[in-house]
Amino acid sequence: MAKFFNSLRDGVGFDLILVGAAMLFLLALAGLPLVYNVLMSFQQVDMFTLGQLIRPFAGFTNYAAVVAQPEFWLVTRNTLIFVVGSMTGQFVLGFALALFFAQKFPGAATIRGLFLVSWVMPGLVVGAIWSWILAGDFGVLNSVLRGLGIIQSNIFWKSDPSFSIWAVIIANIWLGLAFNMLLLSVGLAAIPRDLYEAAELDGANAWQRFWTITLPMMRSTIGAVLSLGLIGTLQQFDLFPALTEGGPANTSNVAGYWSWQLSFQLYDFAKGATVSVMMFVLVLFASILYVRSTRHEVRG
Amino acid sequence: MKLSTFGLAAGIALGALLAAGPAMAQVTLKIWSIDGVDRPGIADTFSKEFDEQNEDIVVEYRGIPFDDLVNETLRAFATGNAPDIVSFDNPDFAMFSSRGAMLDITDRIANSQVIKAENYFPGPLNSVTWDGKYFGIPKYTDTIGVFYNKDLFAKAGITEPPKTWEQVAEYAEKLTDPANNVYGVTFSARAGEEGTFQFLPLIQMSGGDYSNVNTEGAVAALELWKKIIDNGWASKDVLSLGQWDSTGTFNSGNAAMAISGPWEVDRMVEDAKFDWGVALLPTLTDGGTRSSALGGFDWGIMSTTKHPDEAFRALEYFASQDNRIFEEFGSIPPRSDIPLPETGIALKDAALKVFQEQLQYAQPRGPHPEWQKISKAIYDAMQKALTGQMPAKDALDEAQATIKGIVG
């Protein structure tokens, strides 16, 4: 018995307590809601049985019903466009800016800091601002594009089915740009300078240095930025109610907003839960890919 | 000695407290609504007055933001902590009354000296009715009509506001002036309740209703709306603009007509630098069936209340103050027996007269317990047709199939 308590104080038991506490915390705050959510997607949930755990079992009928919704494939397609579009934009522009501000010139650090303004702004505020910028008749973006001679007539970003999803993507890229740039800047700063000096002495040009030193050394940072980007993009909610409400006719609706809409606007909690479980499976798949790709990473 | 004096005093105090207890047997009423969250409104003001006037009743009023009210009440009801009285937006009411969450007050209304069913406009009254019984009383109401810019009308040589939707399109064409950034008409066809709010009346005018949306008249009306947008007589952004923003373009002179409701009047009096008027919502054919959307809130007692008598007394008090809600809160009373007082602002008084007349034709959305799903089917179909993704007929047929699955 004494041995047991000793082990709790300074042995293996102590480690187990630490791990156990963390696991308990995870289980209670992340695990239980998740299980509840999965459970709910297999039950017949009613607005008035929301507080109960035991409800009639529904099998896969909720899943079948979600797939049978006329907007299901449209929402799936939009979600893919939204995720790929937002992540590409945020990453490419973020990386370009990070490389730019990694150059030594006066005020580089200060200006880079100013970019964070976009990141600290709440999504709803960003949505309201972009809502004005993207307005069809009197929007700033249209008048700029017209001034540059790129377009002849106004684009109705929020109301035209072929542009509505891009309206949200543009706003989301702007919102996530600073975060990407910041993480990538940190990764850039961690690469030892002498590598570049040695390469330069060997006659490598800028493009070769980027391709053979920067990119490989940034591998883990890029992996982290992309996986965080995926999660952040799937989580994005505020911009949708502020810009398009998923319209017109669901052409800018994505899984995350749809799930909220089903649960809290249409009070169809079972379908809302079902959509979020589907999203969860997607993220799980993406995280497995990410973990596998970084497993054999060599750290410099 | 000292100790015993203290003991005596304590004893007397305790005795007094016990004796006073039963005499002041107070009933606590919990009242929830959206008023009082940002500025004083009907529910919080009247609740406080009712509390002060009744010694035997304590009112605990709670203001909840609009977007959270239904969710919060659902949760409270599911866990047994529901309020005694709650006030909902009228399309949300049926969801609660149809599921036995609201108290049936039909008999109480029949015996009441204050609340009389026949005093109410039929539309608002219908929204608290389920299965032929009354589950609440209307709190205030509103509806929509056409605002028109008289100056622009005169310039285009048009003397009368439009009577039919065909005329709306015809006038809109004449009034559209791209050189001056003027659209002929503006309305709200957004992906939300406001979209249904503005389009459902056209379905109703065609002889349909929420469970019968693919009527010939509705298809024709939707095609007409599409024509108005396609020809640039209305901005394409009506698909994403709410009524408040849409009417904002009317106020700034960028639209010659606007479909909206009395909540716009105060701002319009301030902002609009031109002569304007309000007309009844146009019909599909000349002299055809009238309809318009019904907005506004309802009062109801939740079925879990332990004090139905006191709660009904509160409702009676609220109803007895209906004649104050226009002057003090700018809302239209849901009753035909209360004349609206003159405000002295000619444009406003004229506008409100039209809206009061329009209220006779206002029809509720639903009532149906799954209203939100029906509403989504309607505004999705409307938007599919307006953006040209589907012909109007097919879009409304699809909505009809969805709604049939919900209504049964």
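Cβ coordinates come from backbone N, Cα and C, glycine included.
In TrEMBL, annotation is done automatically, which means it is predicted and not curated.
The domain 'ABC transmembrane type-1' annotation in TrEMBL covers A:76-290.
The transmembrane segment annotation in TrEMBL covers A:12-36 (among others).
Marked as transmembrane segment by TrEMBL: A:80-102 (among others).
Sequence annotations record features per position, and here TrEMBL assigns transmembrane segment to A:114-135 (among others).
Beyond the transmembrane segment (A:163-189), the same-chain residues lying 6 or more positions past its ends with a Cβ under 8 Å from any Cβ of the stretch are 78, 81-82, 85-86, 89-91, 93-95, 97-99, 101-102, 112, 115-119, 121, 123, 126-127, 130, 134, 155-157, 214, 217-218, 220-222, 224-225, 228-229, 232-233, 236, 239-240, 243-244, 247-248, 251-252, 254. Look at TrEMBL and you will find A:163-189 (among others) tagged as transmembrane segment.
Within the same chain, residues 83, 86-87, 90-91, 94, 99, 176, 179-180, 183-184, 186-188, 190-191, 195-196, 199, 204, 283, 286-287, 290, 293-294, 297, 299-300 sit at least 6 positions outside the transmembrane segment (A:210-231) and bring their C-beta atoms closer than 8 Å to a C-beta of that stretch. Summarising the annotation, TrEMBL assigns transmembrane segment to A:210-231 (among others).
The transmembrane segment annotation in TrEMBL covers A:269-291 (among others).
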Mind checking which residues of the chain, 6+ beyond the ends of the transmembrane segment (A:269-291), have their Cβ under 8 Å from one of its Cβ atoms?
34, 37-38, 40-41, 43-45, 47, 50, 58, 62-63, 65-66, 69, 223, 226-227, 230-231, 234, 255-256, 258-263
